[in-house]
């Protein structure tokens, strides 16, 4: 396995790793395979994200959210050695954008944190959501909560911030590892998906606006 990106991804000592997989045999796993097949067939990403005529929107969104979480988790994991309290004392996307953390437990008010601390809290927070059967039911047919898309919008907006931080502060490391094509494809897939279903406010997308206009036509 000569690709340093893959070596990092499969290094079992890494903090960041895929947190949830779809169990073979479940209907959700079949849907996951369908989404993957479109990508593997080299289908245009804009078309690959579109809702198949025989699928429910919430099911399609749920599968993609879990998949994006796992992929973005791994991307951050590959550069996490370079994202430290010293190098990134503030979770930001360049000088114009700073992200503060807020949750229902310890940080009830938006709080400035270092990037690695923010990332740890973010990944743990998402993991709790996607492993909660009341929010992300495993089997197709189990009803989703009424606020499902609201929850998803918050998850995806926060995951977008990982892309912002990685692209603006750590892209040299991604390039050094020869992983930019992989990361760019993942970003394009994510961007087309959130645009297709209107899952992120346009103002959240501002920090990568110029890059996105070049990359996603």
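Placement of Cβ uses the backbone N, Cα and C atoms for every residue, glycine included.
According to TrEMBL, the protein has these features:
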type	residues	note
BINDING	83, 88, 165, 170	Zn(2+) binding site
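Known features from TrEMBL, placed on the structure.
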residue	record	Cβ within 10 Å
83	Zn(2+) binding site	21
88	Zn(2+) binding site	19
165	Zn(2+) binding site	24
170	Zn(2+) binding site	22
Chain-mates of 83, 88, 165, 170 with C-beta within 8 Å of site centroid, Zn(2+): 79, 82, 87, 115, 116, 119, 166, 169
